[in-house]
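Shown below is the structure under consideration.
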Amino acid sequence: AGFGAGLGLALASSAFIGGSFVLKKKGLLRLCGRARAGQGGHAYLREWLWWAGLLCMGVGEAANFAAYAFAPATLVTPLGALSVLVSAVLSSIFLNEQLNVHGKIGCILSILGSTVMVIHAPQEEEVSSLESMAEKLKDPGFIVFAVCVLVSSLLLIFVAGPRYGQSNVLVYVLVCSAIGSLSVSCVKGLGIALKELFSGKPVLKEPLGWVLLVCLVICIGIQINYLNKALDIFNTSVVTPIYYVLFTTAVMTCSAILFKEWQHLVLDNIIGSISGFLTIVSGIFLLHAFRDMPFTSSLLPLFLQPARADPHPPWSSADRHQSWQHQPLLPSEDKGSQSAEEEE
């Protein structure tokens, strides 16, 4: 029951989050002549479309929040690939962003890879109480991971951002992805706290729950700020898939270190999870790398190209049954002139 609930909530979350990217981008495009988010402005706060996108994202994140409480992160996070599909399709409809054949194939590969990862994901949670969550947070491996994430994020914000933020999409997206891995850990802990609260345990007296809540608010604030900058500067069909790949990689790494969910997987499930993730990455690469390449029927192999009307086909129906060996070597006019020369 918990596995099915987590799966359904994750699917709903992907749909809402994918739509939120388009709504927020639509609101950012309406900032004619005003300070844009990519330039440090906050005029988007007066656009109702941006707030609608934020509300849609909030609903998606709430569903995602609940999904992490019922299912492991190794299952929930890969399903975010469906948000790439939703965002790409809606962007081509409402934002006039082209989605060529490579992009469509990339979306299909992302869905297939997500399906494989769901099939091979672990179906049991290891952390079921705040006490066990506190023990996990004290693990030296997670402490080293968290310090690396914070240091790298500070370097990206204060060093790489002013220099390369306007030209390289990875700068702001890396900040969102790295901080997002920590926010998922906070969401997992808060989900466990809510489950204990509903079961009657005195969770409100535990300081760990409040610490996780404060950290979650800070992480989400940072993610929203730098995701808005990335969306304002770069194409939505570029930001969304790259954000998915980096965010999923960071979350799976954090989940492997903190929750150690991979220890419960047998070899074939590990291979299936890795293969599914690599399939998703391949699909995202097709969606991103060839986004500006026009793909017409003339680029297809000849046997796949549609039939074109040719007024002078090389093989007409009249001479279809006549071998080329019986054709005259010279046209009739040339033969007449040749015979005239011989008579002279």
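Note: Cβ is positioned from N, Cα and C throughout, glycine not excepted.
According to TrEMBL, the transmembrane segment annotation covers 6-23, 48-70, 76-95, 102-121, 141-162, 169-193, 208-226, 238-258, 270-290. Annotation comment: TrEMBL describes 310-344 as region 'Disordered'.
Let's see these features in context: how buried, what's close, how far.
Within its own chain, the transmembrane segment (6-23) is flanked in space by residues 49-50, 52-54, 56-57, 59-61, 63-64, 66-71, 75-76, 79-87, 90-91, 94-95, 118, 231, 236, 239-240, which lie at least six positions past its ends and keep a Cβ under 8 Å from the stretch.
Sequence-distant neighbours of the transmembrane segment (76-95) (same chain, 6+ residues past either end, Cβ-Cβ under 8 Å): 6-7, 10-11, 13-15, 17-19, 21-22, 25-26, 29, 60, 64, 67-68, 103, 107, 110-111, 113-114, 117-118, 121, 184, 236-237, 240-241, 244, 247-248, 251-252, 255, 276-277, 280, 283-284, 287.
Within the chain, the transmembrane segment (141-162) has long-range Cβ neighbours (under 8 A, six or more residues past its boundaries) at 168, 171-172, 174-175, 178-179, 181-182, 222, 226, 250, 253-254, 257-258.
Within its own chain, the transmembrane segment (169-193) has Cβ neighbours under 8 Å at 64-66, 68-70, 73, 77, 127-130, 133, 137, 146, 149, 152-153, 156-157, 160-161, 203, 206, 208-209, 212-213, 215-216, 219-220, 222-223, 226-227, 229-230, 233-234, 238-239, 242-243, 246-247, 249-251, 253-255, 258-259, counting only residues six or more beyond its boundaries.
Within the chain carrying the transmembrane segment (208-226), a Cβ under 8 angstroms from the stretch's Cβ atoms is held by residues 54, 61, 130, 133-134, 137, 153, 157, 172-173, 175-176, 179-180, 182-183, 186-187, 189-190, 193, all 6 or more beyond its ends.
Below 8 angstroms of C-beta separation, residues 74, 78, 81, 84, 88, 100, 102-103, 105-110, 112-117, 119-121, 237-238, 241-242, 244-245, 248, 252, 262 of the same chain, each at least six residues beyond the ends of the transmembrane segment (270-290), sit close to that stretch.
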